[in-house]
Amino acid sequence: MTRTTSADDTARAGGVSPSPHDRPDRIVAQQSQAPQQSQRDREARIHANAADLALAANASRTGMGRTAATFLIMAVALLIMTIVSASLGQLVIPFDQVIGSVLNKIGIHWLNGPSRSFGNEALWNVRFPRIAMAIVVGAALGVAGAVMQGVFGNPLAEPGTVGVSSGAAVGASCSILMGWTFLGSFTTPFLAFVCGLGTTMLVYVLARRGGRTEVVTLILTGVAVNAIAGALIAFFTFAAPTSARDQIVFWQMGSFNGSRWQQVALVTPLCVVGMIIVQCMARRLDLLSLGEKPARHLGVNVERLRFVCMIAVALLVSSAVAFSGIISFVGLVVPHLLRMIIGPRHRALLPASALGGALLLTIADFAARTTIAFADLPIGMLTSLVGGPFFFWLLRRSRSKSGGWA
C-alpha cells in the first residue's frame, strides 16, 4: 500500500525536528488570523489619523491663542507708549492729566486736564500729531515690509528693495535744492511721493520681459536703480548750498519733528487704502509662499498679484516717507520677528506688522525726543542702530540654515 510522505515524516527522515511553522494546523491558524490582523491594522491607522487630527486642531488653537495674545500685548503696549510719550519730554505732564485732556476732548469730564496753561497746547499741537504720524508711518512701513517678504519669498526683503525710498529721496532732494514752493510747504512731500511711486513703476517696467517678471530680475533691477538714485542724491547734496545741504541730509535720516495734524490727515487715507489693498491679497500671498508654479496651478495670477502688491507698497512707503523722511529697517525687522511668533499667514501677519511697526516707531520717536536734552535725534539713525545688528543676525541665521556660512 502506497503511503503519502508528510512534512513531518520528511523532516524525521532527515534527522531534523519539524518546525511548528510547517505544520498544517499552524498554517490554517495563521490564515484565519490574517483578516483579524488586517482589521487591527486598519483600526490602528484610524486611531493614528484621529490623533494627528486632534494634534493639528490643538496646534491650530494654540496658534490662534498665540496670535490673539500677540495682538493684545502689542495693542496695550502701544496705548501705554502713547501715554508715556505724550507725558514725558522737556515739559512733563502727569499721566492722569494726559488722559484727562483726551477725555475732555471727547466730552467726558472724569479727570482734569493739564494744570499749566500751555499744557494742552503742547499736547495737541506738538506731541499728539507727532505720535499720530509715528503710528501711521510705522504701520505703513511694517505692512509694506511684510508684503515685500511675501512677494519675494525672502525674509531679507524690505520696501527699499524696489527703490521706492531712494526714489522718494531723489524727489525731496531735488525740491530742496531747487527751492520749489509751488505747493507751499507740501511741495517737497508731494515730489517725494511722486518720485517714490514713479521709481517703483520704473523698476517693474525694466524688470518685466515677455509679459513676466522674475524675482531675481526685480531685485537686481532695484539694486541698479538704487545705485543711480544714490548717485543723484550725492550730486544734489554736493551742489546744494549749506542750508539746503543740511535739509537734504536731515531728510534722509528721517524725523517726525514738525509733524502737524494736516500732514497726518493727508498721509493716513493713503496708507489706509494701501493696507486695505494688500489685506485683500492675503490669501493669494499665502498661496504664493508655496512657490510660483504651485500658486499658478491653484489659480493665482502671479503677475497681477506681484504688480498690485508693488503698487500698494509704493503707495504705502511713498506716503509714509513724504513727510517723515527715510526710515530704515522697520520693514525688515518687524515682519520677520512677527512671522517667527505668529506664523506666515498673511491674514494675521499684515495687521500684526502694522501694530508692530507703529509700536516700534512710537518707541523710537520717544527715544529721539528724550535721549538728549534740547535735541531731536534722527529716527532713521535709531532704527538703523537696531536694524543693522538684526540684519547681520538674520543673515547668519539664513546662511546657517541653508548650510553656508554660519
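Placed from the backbone N, Cα and C atoms, the Cβ positions cover glycine too.
Going by TrEMBL, these are the annotated features:
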REGION    1-43  region 'Disordered'
COMPBIAS  29-38  compositional bias 'Low complexity'
TRANSMEM  68-93  transmembrane segment
TRANSMEM  131-152  transmembrane segment
TRANSMEM  164-183  transmembrane segment
TRANSMEM  190-207  transmembrane segment
TRANSMEM  219-243  transmembrane segment
TRANSMEM  305-337  transmembrane segment
TRANSMEM  349-368  transmembrane segment
TRANSMEM  374-395  transmembrane segment
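Sequence-distant neighbours of the transmembrane segment (68-93) (same chain, 6+ residues past either end, Cβ-Cβ under 8 Å): 99, 114, 116, 118-119, 122-123, 127-128, 131, 135, 338, 341-342, 351-352, 355-356, 358-359, 362-363, 365-366, 369-370, 373-374. Of the candidate ranges 190-207, 219-243, 305-337, 349-368, 305-337 has the most C-beta pairs within less than 8 angstroms of the transmembrane segment (131-152). Here the transmembrane segment (219-243) does not lie next to the transmembrane segment (305-337) in space: the count of CB pairs under 8 Å, restricted to residues six or more apart, is fewer than 3. Residues of the same chain lying 6 or more positions beyond the ends of the transmembrane segment (190-207) and with a Cβ under 8 Å from any Cβ of it are 162-172, 174-175, 180, 183, 213-214, 217-218, 220-222, 225, 229, 307, 310-311, 313-315, 317-319, 321-322.
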